[in-house]
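All remarks here apply to the structure that follows.
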């Protein structure tokens with residue numbers, strides 16, 4: 001009877017050992033296939049490339065923000081080589097723009113979809129520095145640069161006669177320019 005128990009345990013442990021080996025082999029094959037597929041991709045995705053570019057820009061600014069060579073004004077937020085003022089005060093689009101100009105900045109100009117990532121917690125809408133130029137039939141930023149193609153789809157359904165508001169969660173709205181909303185100023189450091 002004792003020999004039977006020993007033999008049964010040996011048989012069970014042998015079967016379990018074989019199952020473990022098969023599972024480890026399968027895991028190895030899956031891991032190898034996963035790594036191979038990643039290395040076959042032609043290049044980084046646009047989002048990864050953008051994230052890399054932002055990281056490079058951030059690295060170039062590490063020595064600047066707060067070190068004395070560049071610093072943001074009081075109540076302004078430093079982020080990726082820029083200073084941002086996020087208002088709590090409600091103003092018309094023009095009054096918001098005038099405030100920004102008086103502080104050597106402009107209403108927010110969004111250059112990438114991820115630019116205002118530092119304020120994703122907010123649910124408010126803010127005036128930004130984009131308006132429709134009737135003469136050129138194009139959306140222009142305050143510096144007269146055109147709206148980038150990757151941002152253009154967000155502006156298809158807005159009324160060109162209105163001013164543009166942005167929500168940090170990625171929503172774009174238009175509103176009568178004389179309405180009062182919060183606004184965001186942006187000052188480029190570099």
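Even glycines carry a Cβ here, placed using N, Cα and C.
Here Swiss-Prot flags 1-10 as topological domain 'Cytoplasmic'.
Under the heading transmembrane segment, Swiss-Prot lists 11-31.
Among the features that Swiss-Prot reports, topological domain 'Extracellular' is placed at 32-190.
Annotation comment: Swiss-Prot describes 69-81 (among others) as disulfide bond, evidence class sequence analysis. When secondary structure is read from DSSP and collapsed to three states, residue 81 (disulfide bond) falls in the coil class.
Residue 83 (disulfide bond) has a Cβ environment of 21 other Cβ atoms inside 10 Å. What Swiss-Prot records for 72-83 (among others) is disulfide bond, and it gives sequence analysis as the kind of evidence.
According to Swiss-Prot, the domain 'C-type lectin' annotation covers 79-186, on the basis of sequence analysis.
Residue density at residue 185 (disulfide bond): 26 other Cβ atoms are found within 10 A of its Cβ, drawing on all protein chains shown. Marked as disulfide bond by Swiss-Prot on the basis of sequence analysis: 100-185 (among others).
For residue 104 (N-linked glycosylation site), the same-chain residues that are 6 or more apart in sequence and have a Cβ closer than 8 Å to its Cβ are 187. Summarising the annotation, Swiss-Prot assigns N-linked glycosylation site to 104 (among others) and lists sequence analysis as the type of evidence.
What Swiss-Prot records for 144 (among others) is N-linked glycosylation site. Non-local neighbourhood of residue 144 (N-linked glycosylation site): empty, since no residue in the same chain at least six residues away has a C-beta under 8 Å from its C-beta.
Taken from Swiss-Prot, the feature disulfide bond covers 163-177 (among others), and the record attributes it to sequence analysis. The secondary structure of residue 177 (disulfide bond), as reduced to three states from DSSP, is coil rather than helix or strand.
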Rounded distance in angstrom between the Cα atoms of residue 81 (disulfide bond) and residue 72 (disulfide bond): 10
Candidates 72, 83, 163, 177 (disulfide-bonded residues) - the one closest to residue 100 (disulfide bond) by CA: 83
Close in space, distant in sequence - residue 163 (disulfide bond), Cβ under 8 Å, 6 or more apart: 93, 127, 131, 174, 175, 176, 177
